[in-house]
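Report on the structure given below.
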Amino acid sequence: MPFGNTHNKWKLNYSAAEEFPDLSKHNNHMAKALTLDIYKKLRDKETPSGFTLDDIIQTGVDNPGHPFIMTVGCVAGDEECYEVFKDLFDPVIEDRHGGYKPTDKHKTDLNQENLKGGDDLDPNYVLSSRVRTGRSIKGIALPPHCSRGERRLVEKLCIDGLATLTGEFQGKYYPLSSMSDAEQQQLIDDHFLFDKPISPLLLASGMARDWPDGRGIWHNNDKTFLVWVNEEDHLRVISMQKGGNMKEVFRRFCVGLKKIEDIFVKAGRGFMWNEHLGYVLTCPSNLGTGLRGGVHVKIPHLCKHEKFSEVLKRTRLQKRGTGGVDTAAVGSIYDISNADRLGFSEVEQVQMVVDGVKLMVEMEKRLENGKSIDDLMPAQK
C-alpha cells in the first residue's frame, strides 16, 4: 500500500542495500530490470504528487509472478512517473513490448474505415467480440495513488459527461456503492462489470483503497458500449456484442471513444498522451493504445493441436480462458486477443485479431474433417 513521503524519507536512514527488496524468486519484468544501482539512483526521487520508487515496485515485490504468465510487477501513480523513474520503466517497457526503445514513437489510428473485413467471422465459432481500452485524465493521480477527492472528481466528470451522450450511446451510470451483491455478481457473470478487488495485484498496488467509493459502471441502453470508472484506470471504455461482427464492434468503439474524448476536452480535461508512450495508463503493459481486441472462439480441435501455440505466436495473438486472465477454457472456448499494445496502431491490432481468428476458424474446420493444417501455417507477423 503506498505510504506518504515522510515514510520514504525515513527509509533513507538505511542504506540502499539494506532497503533493496529480495527478488531472488521473482518472475516479473520489474524484478528482471531492477538492479541495486537503479534502486540506489531512484530511491530518494518522487513525482510532484509524491509517488516513489517503492510505491511503484511494491505490487511486484509482493507478487513474485505467475508460472505461465510474465507479469509486469510495477505500476505508475501519475503521469510523471514514466519520466521521473524512466531508468526503471524504460527497460520494463522494452522487455514487455518486444524491444520498444526509449526513442521510439507510437502511432495512433482510430479511423474505423481503415479496418479491412471483420464483419464475416463465422458466428458458429466466434461467439462474441469485444474491444476495450483505458484512458487517464490529465492532472489527476492514477488509481494506485489518487486521493478520495480525486477519485470522486473522476466519477463526477464521467457522470456529467456521459449523461450528454445521445442516440446509440444514450445510457445510464450505476455506482457500485448502491448495487446489491446479487446485482454486482450478475453484471460480473455477464462480463459487463469488473471483478471485486480480490486480485493480489490490485490490492498490493493500492488500487483497491476505499472500495467501492467512487467506482461504477456506465452503459448504453443496448449494453453494447460500457465505461468502467475508477478500477485499474480512470476510465475503461468497452464495445462488445454477441457474434463475430468485429467491424461493427470496432466502429462503435471508435465513434464512442471520440465522443467521450471531445466531452472531456470541452470540460478542460484532456487524456494523458505523449508521442513516445501513446496513451498513458496505470500498468506499463497497457501503454500505447491500451487496446485489447478479443473474441470468444470455440476451437475444440485446434486447441488440442500441437501447433496451436505456434499459430498464436506467429499471428501475434494471445489466449486466455473463457473468463479472462487466470481462468480455464470452458467447453474449448478461448478468449483470443492481440498480444501487442505499444508500437502498433489500434487498427493494426484489431486487424491482427480479425485475420488471425479467421485463420483459426479455417484451421478448426479442416481439423473437424480430419485434414492437415500444415499448408495453412502463417508466416511470422
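Keep in mind that glycine also has a Cβ here, set from the backbone N, Cα and C atoms.
Model, not experiment: these values are computed from the prediction.
The ATP binding site feature in Swiss-Prot is assigned to 128-132, H191, R236, R292, 320-325, D335. Cβ neighbour count for R320 (ATP binding site) (all protein chains, 10 Å cutoff from its Cβ): 18.
Look at Swiss-Prot and you will find 11-98 tagged as domain 'Phosphagen kinase N-terminal', backed by sequence analysis.
Along the domain 'Phosphagen kinase C-terminal' (125-367), the predicted structure has mean pLDDT 93. Marked as domain 'Phosphagen kinase C-terminal' by Swiss-Prot on the basis of sequence analysis: 125-367.
Each residue of the domain 'Phosphagen kinase N-terminal' (11-98) gets a DSSP state, and the totals for helix, strand and coil are 42 helix, 6 strand, 40 coil. Taking the Cβ of R236 (ATP binding site) as reference, residues of its chain lying under 8 Å away and at least six apart in sequence are, in sequence order, R132, T133, G134, F194, V227, W228.
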